[in-house]
Amino acid sequence: SFSCKSSKREWKPLEDHSCTDVPWLLLFILFCVGMGFICGFSIATGAAARLLSGYDSYGNICGQKNVKVEGIINSGLDLTHKKYVFFLDPCNIDLVHQRIKSLALCVSACPMKELKTLADIQKFAETNGSTLCSYELQPSEYTTDPRAAKLCPKYPVPESAPIPFFHRCAPVNISCYAKFAEALITFVSDSSVLHRLISGVMTSKEIIMGLCLLSLVLSMILMVIIRYISRVLVWILTILVILGSLGGTGVLWWLYAKQRVSASAVETQIAKDNLQALLIYAISATVFTVILFLIMLIMRKRVALTIALFHVAGKVFIHLPLLVFQPFWTFFVLILFWTYWITVLLFLGTTGTPVPNEEGFVEFRMVGPLKYMWWYHVVGLIWISEFILACQQMTVAGAVVTYYFTREKRNLPFTPILASVNRLVCYHLGTVAKGSFIITLVKIPRMILMYIHTQLKGKENACARCMLKACICCLWCLEKCLTYLNQNAYTATAINSTNFCTSAKDAFVILVENALRVAAINTVGDFMLFLGKVLIVCSTGLAGIMLLNYQRDYTIWVLPLIIVCLFAFLVAHCFLSIYEMVVDVLFLCFAIDTKYNDGSPGREFYMDKVLMEFVENSRKSMREAGRGGGAEGRELKPM
C-alpha cells in the first residue's frame, strides 16, 4: 500500500486493507500525550485548586492551609473555614484584560442581603462569622479604624450568592455589570430595549425551541427529497443567471445611451469621462455575458451529471440512514474536546509561580520554557479539531465507497457506517492525522496574520494593510483547496487502502482529468445546496413570524427570529454539508469507475442505474455527433 506507482497500479476497490501512515499516527499520539502532560502539570502545580476553590489577592487558596509567599504580607494563612472568594468592589471591571480590578479575600459566607454601612458589615461579621474586610482588621475595628475605608468593601455591598462549583461570591443583581454589557452589546443604547428583547426571548422560549426542532425536521426532509427537486433547482439557477447577466448588460447599455444623449448637450470633461467609463463597463459586461453563455453551453451536459449524482446521493441516504446523524456525533465529540480544552486553558490561566505585581498583590505567571505551553495548547486545539472533522470525512467516504462498489445492495454490511468506523480505527488513523496536520500548518499562519491585522488596525499604512489582507486571503484559498483535496484523498484511501501522499496524488490526477465536471458539480451543486439552506431558513423564519404574531410589540420579535434563523442555517449547513460530501465521494467513485471499466464482461460498471443512463445518453450524443467508436456503442447494463 506504500507504493508510489499510482499510474501503473489499477484501482482495486475494497480488495485490500492495510495500515497507512503509521509514523504519523505515532506522532499524533505523542502530541496528545503532550496535551495530557500540560493538563497534568497545571493540576499538579495547584492551578485546578486555584480555579475551582478560588484564591485571594495574597496568593492564598480558599478552603485550605497555605504556604507563605516570600515578600507578601497576609500570605500563608490557614483559610480552611473560609471557602468563598469575595471581591471588595465586584463591579470594577477591567474590560481590556477581562478581569475584576478589586482586592479579593476568602470569606466563610457571601453576604445574603445588601449591607449599606460599615456598621452593617460589622454586624454581618459578628453574626455570621464572615469577615468582609481585609485580614489585618478585626470586626471590632471596622467602624473605628481609619484604614477601613480602603480595606473594607465599597458599600452598599450588593446581595451576593456563590457561583456553583467555583466558590466565588457574585452579585445577585447584575446591574452593576452594565458597562460590561454595554461593551458587549454596543448596538443597544436604551436599556429598556435590551430588557424588552430579553423578555421577548424568555416569553417565546417554547416557540423558539419548537422552531429549532422544525428546522431540524425540515433539513432531514430536504435531504430525502432534494434528489427529486434537483432538476427544478438547476432550472431556477439557469434562469436567474441568464436574467441577471442580460439584465445587468442591458441596463449598462441603456445608461450609456442615456448619458450619450445628455453629454452631447453638455460638453464637459467630466461628462466625457463618465461616458467613456460607462462604455467600458457595458463592453466588459457584454464580454462577460457572452463568455458565461459559452461556458453554460459547454457545461450543459455536465450539469446532467450533477443532477444524476444528487439523485444517487438521495438513494445513499435511504440505504445508509445513519449518515444523517454524522453531524451530531461529530458535534458531540467536538463539544467534549472543546470543553476539555477550555478547562485546561483556565487551568493555565491560574498556573505558574506566585510573583508580586505593582500593586503589591500576588499574580501567578509562568516563567522560562513553560510559558510556551500556551502555544502548544493552541496548536492542539486546531490539530485535534481538524482530526475529528477529518475522521468524519473518512467515515462518510468509507461508507459511501462501500455502497458504491457493492454490486448487490442487499449484500451491504448491516451498518456500513460502523464498518467504516472500524476500518478507520484499525487502518487509517495515521492518514487522517497527516491530512489534518497539513490543514493545521496552513491555518496557524493565517490566524497569526489575522491577529497581527487586528492588533495593528489603525496603525499600519494602507499598503501594509492591503498586503496583510492579500496574504490572509491567499492562505484561506489554499486552506479550502487543501481541504477539498484532503477529502478526495480520504476517499482514495477508503477505496484502495493507500497512504496519504499516494491517495492525494491519485485523487488529484482523477480530478484534473475531470476538471470541467468538477467545476460543474462545485458551482451548480453548491448553489443548489445554498438554495436548500435559504429554503430552510426562510421556511423557519416564516413559521416564526406567524407564531410570534400574537405579540403586537414587534420590537421583541427581532432577537427570537435572529436566534431561530441562525440555528436553522447552522442545522441546514451541517446536514447539507454531509450531502455535499456524499456527492463529492460519489463523483470520485464514478470517475474511477468510468476510467477503469467500460461495461464489457469482466469490466462491468459498479454505478447506479441513474448514472448508467447518464453514461448511455452521453455515448448516444457522441455517436450522433460522429465521434463515437465501435466500443462506445456497446450496450450498458446496470449491475
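From the backbone N, Cα and C atoms, a Cβ is placed for every residue, glycine too.
Beyond its flanks by at least six residues, the transmembrane segment (22-44) meets 340, 344, 347-348, 351, 370, 373, 376-377, 380, 383-384, 387, 429-431, 433-434, 437, 500 of its own chain at Cβ-Cβ distances under 8 Å. Taken from TrEMBL, the feature transmembrane segment covers 22-44 (among others).
Same-chain residues lying 6 or more positions outside the transmembrane segment (207-226) and placing a CB less than 8 Å from one of its CB atoms are 201, 310, 314, 317-318, 324, 528, 532, 535-537, 539-540, 543-544, 547-548, 560, 563-564, 567-568, 571-572, 574-576, 578-579. For 207-226 (among others), the entry in TrEMBL reads transmembrane segment.
The annotation transmembrane segment is assigned in TrEMBL to 232-257 (among others).
Counting same-chain residues at least six beyond the ends of the transmembrane segment (278-298), those with a Cβ under 8 angstroms from any Cβ of the stretch are 238, 241-242, 245-246, 248-249, 252-253, 255-256, 259, 516. Sequence annotations record features per position, and here TrEMBL assigns transmembrane segment to 278-298 (among others).
Marked as transmembrane segment by TrEMBL: 304-324 (among others). Long-range Cβ contacts of the transmembrane segment (304-324) within its own chain (Cβ-Cβ under 8 Å, at least 6 residues beyond either end) map to 220, 223-228, 230-231, 234, 396, 399-400, 403, 409, 412, 415-418, 517, 520-521, 524-525, 528, 575, 578-579, 582-583, 586-587, 590, 608, 610-611, 613-614, 617.
Outside the transmembrane segment (331-352) by six or more residues, the chain places 35, 38-39, 41-43, 45-48, 50-51, 55, 364-367, 370, 373-374, 377, 380-381, 384-385, 388-389, 574 with a CB less than 8 A from a CB of the stretch. Here TrEMBL flags 331-352 (among others) as transmembrane segment.
The feature transmembrane segment is assigned by TrEMBL to 372-405 (among others).
Here TrEMBL flags 527-548 (among others) as transmembrane segment.
Look at TrEMBL and you will find 554-576 (among others) tagged as transmembrane segment.
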State the non-local partners of the transmembrane segment (372-405) in its own chain: residues 6+ outside its ends, Cβ under 8 Å from one of its Cβ atoms. 13-14, 28, 31-32, 34-35, 38, 41, 316, 319-320, 323, 326-327, 329-330, 333-334, 337-338, 341, 344-345, 348, 366, 412-413, 416-417, 419-421, 423-424, 428-429, 431-433, 435-437, 439-440, 443-444, 447, 486-487, 490-491, 493-495, 578, 581-582, 585-586, 589-590, 593, 606-608
Within the same chain, the residues 6 or more beyond the ends of the transmembrane segment (527-548) and with Cβ under 8 Å of it are 204, 207, 210-211, 214-215, 218-219, 222, 226, 230, 233-234, 236-237, 306, 310, 557, 560-561, 564-565, 568-569, 571-573, 576, 579-580
